[in-house]
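**Q** This structure is in structure tokens; I'll ask about it shortly.
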Amino acid sequence: MIQKDLLEKKQQSKIIKQPQLIDLVKYQQKEIVDKDLFKFKQLLDQRNYEEALMEIEEIMKQNQLLKDEKKNDDELLMHKSNILLRLDKYKESLECVNQALALNPENKELYYLQGITLVKLNKFSEAFQSFIHTSHQNQESYIYLGIALESMGGYTGAYNFYEEAQKYGENSQLLNILKAQALTGSRKYVQAVELCDKTIQNTDLDKFAYSVKARALQMSLRYEEAIEVCDKLIQMDENYAIPYEIKGKILSVLNRPEEAIEQCLKAIELDQNNYLTLATISGVLNQLKRYEEAIEFSDKSLQINPGDIALGNKGLALYNLNRLEQAVQCFDLALQITNNHPLINLHMGTTLFELGRVKESLEYFDMAIKNNPISINAYLRKGMALFTLERYQEAIDTFDLLISKQPNNDQAFFQKGRSLYNQDRFEEALLALNQALKLNPDVFLIWNIAGETLMALNKFDEALQCFYRSNKLNPQDEVAMALIGIALESMNKDDDAKHWFTEAIKVNPKSHVALIYLAKTLLKTGDHEEAFYAAKRAVFLQPQNQQYQEIYVKAVFMYELSKKSKEQKE
């Protein structure tokens with residue numbers, strides 16, 4: 001287990017703030033020329049932000065006392081907002097700049113400041129609107145618009161804004177990195193990697209170029225290359241969180257969970273607000289079946305940012321803990337954030353299916369397939385839901401689609417065979433089941449259904465061989481035992497049949513199938529009293545089964561008749 005004291009130690013360690021690309025875009029602030037603000041300007045230039053904040057607050061207090069020659073409150077609020085932004089106090093910064101805009105809504109510089117603050121708060125749609133107010137009059141405006149749009153998923157639009165910004169001739173390396181990042185978002189990974197390689201110029205911006213390249217390689221499943229780039233980044237700056245984060249994700253995909261957690265914890269040590277890495281750890285802990293810990297890390301991520309990945313991982317952990325209603329709530333919240341997420345839709349559908357809400361589950365399986373047409377599990381789950389709803393032809397069509405995408409999927413052939421069996425299309429069912437067994441001969445359930453299909457075709461000897469194979473694979477499966485008995489009874493091998501029914505009942509005393517067929521066989525062999533008690537137990541377990549009732553009535557009649565005959569003889 002991840003020791004809590006270790007985690008707390010990491011959380012108490014010094015946080016190294018990770019710069020964002022938006023921090024590298026320098027917008028032209030209004031030059032401070034007011035002599036009363038000279039000390040404030042000095043503190044600002046010296047990056048002594050705490051003292052600068054106290055200084056500007058004191059100036060604002062003094063300004064309120066003045067009757068004449070008062071300074072503009074909106075400018076003082078702007079200066080305060082700027083300092084709060086540099087101190088990472090984003091909510092307070094936004095409050096100040098909003099107050100300033102209320103006083104002077106024509107000040108374009110205030111919209112820049114508002115937009116940057118909103119980006120820091122992950123309020124990208126609002127940030128985009130703020131930058132729109134700047135009227136696209138300079139390079140910075142285009143860059144800010146691109147960053148905001150990219151953060152909302154508008155990668156093509158962001159790329160176009162960066163192209164416009166490049167026409168101004170400055171910040172060429174930064175803009176190429178931003179373009180590569182937008183290309184990665186657009187899934188144009190090869191172009192992104194090539195642009196990153198062209199962008200590397202032995203400058204301070206190189207590590208950002210490498211981080212975008214590593215991300216593009218990761219997203220294009222070129223994991224070994226991505227790890228190499230991450231290792232290079234760590235050599236360049238061991239206190240840079242992003243390469244640890246990317247390595248953690250890759251190692252989790254490569255099923256190296258312990259190494260993945262180690263990398264992710266290092267990323268969190270360097271950047272405690274990295275909610276995506278916390279979510280990654282929760283996913284890895286799900287892989288390790290450490291579900292309570294997975295929930296803990298999901299909650300840590302959600303405290304920072306209510307993201308779909310953390311909610312999805314928490315939902316999956318709850319599902320595996322059989323807390324299905326809570327899992328549904330998590331998946332629902334995640335889908336409110338990203339309604340087309342294929343994996344979360346799949347998990348939602350699976351959970352609803354387990355809750356017996358089968359018809360509802362279909363909607364989510366369809367959404368999973370729509371957004372990931374090669375999702376094998378989604379097709380399989382959808383087909384099984386249709387089977388449960390007795391919509392057998394639709395189920396068969398779904399399994400056929402799955403087989404067309406993955407011809408070696410034994411489960412698809414098995415489920416198709418079951419569906420055909422339930423339509424009494426036994427010859428076709430047998431073909432599908434035989435294919436399933438050819439692909440995977442070690443699944444006892446497939447042997448059971450294949451045997452039942454052969455019995456429906458009156459091929460009892462072949463059916464018996466299937467049931468014996470199933471019993472060998474799973475000696476504790478009472479269903480196979482009961483089926484062996486049914487096949488033997490159909491072949492009039494009643495004593496052998498009784499033996500197998502009795503064995504099935506020993507394994508599962510509530511096996512009503514074994515009990516009723518035992519009763520039926522005992523009636524044939526004249527063991528009326530035993531038949532009566534076996535039928536009585538079967539009816540108790542399945543009181544609505546008409547066939548069971550008929551056998552029970554016959555057993556009662558024959559038992560009473562045999563008792564009277566015995567009494568007469570005595």
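Each residue, glycine too, has its Cβ placed from N, Cα and C.
Dumping what TrEMBL says about this protein:
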COILED    49-76  coiled coil
REPEAT    74-107  repeat 'TPR'
REPEAT    275-308  repeat 'TPR'
REPEAT    342-375  repeat 'TPR'
REPEAT    376-409  repeat 'TPR'
REPEAT    410-443  repeat 'TPR'
REPEAT    444-477  repeat 'TPR'
REPEAT    478-511  repeat 'TPR'
REPEAT    512-545  repeat 'TPR'
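Describe each of these features in terms of where it is and what it packs against.
**A** Across the repeat 'TPR' (74-107), DSSP classifies residues as 27 helix, 0 strand, 7 coil.
Residues 1-2, 122, 241, 244-245, 248-249, 252, 255, 257, 260-261, 264-265, 267-268, 314, 316-318, 320-321, 333-335, 337-338, 341, 344 of the same chain lie 6+ residues outside the repeat 'TPR' (275-308) yet bring a C-beta within less than 8 angstroms of a C-beta in it.
Beyond the repeat 'TPR' (342-375), the same-chain residues lying 6 or more positions past its ends with a Cβ under 8 Å from any Cβ of the stretch are 308, 311-312, 315-316, 319, 324-325, 327-328, 331-332, 334-335, 381-382, 384-386, 388-389, 405.
Within its own chain, the repeat 'TPR' (376-409) has Cβ neighbours under 8 Å at 342, 345-346, 349-350, 353, 358-359, 361-362, 365-366, 368-369, 415-416, 418-420, 422-423, 439, counting only residues six or more beyond its boundaries.
Remote same-chain residues near the repeat 'TPR' (410-443) are listed as 379-380, 383-384, 387, 390, 392-393, 395-396, 399-400, 402-403, 449-450, 452-454, 456-457, 473 (criterion: CB distance under 8 Å, separation of at least six residues from the stretch ends).
Sorting the repeat 'TPR' (444-477) by DSSP state (H, G, I as helix; E, B as strand; all else coil) yields 27 helix, 0 strand, 7 coil.
On the 0 to 100 pLDDT scale, the repeat 'TPR' (478-511) averages 97 in this prediction.
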**Q** DSSP on the repeat 'TPR' (376-409): how many residues come out helix, how many strand, how many coil?
**A** 27 helix, 0 strand, 7 coil
**Q** Could you count the residues of the repeat 'TPR' (410-443) that DSSP puts in helix, in strand and in coil?
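**A** So the repeat 'TPR' (410-443) is made up of 27 helix, 0 strand, 7 coil.
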**Q** Per DSSP, what is the residue tally for the repeat 'TPR' (275-308) in helix, strand and coil?
**A** 28 helix, 0 strand, 6 coil
**Q** Could you give the residue numbers and ranges of same-chain residues that sit at least 6 residues beyond the repeat 'TPR' (478-511) on either side and whose C-beta is under 8 angstroms from one of its C-beta atoms?
**A** 444, 447-448, 451-452, 455, 460-461, 463-464, 467-468, 470-471, 517-518, 520-522, 524-525, 541
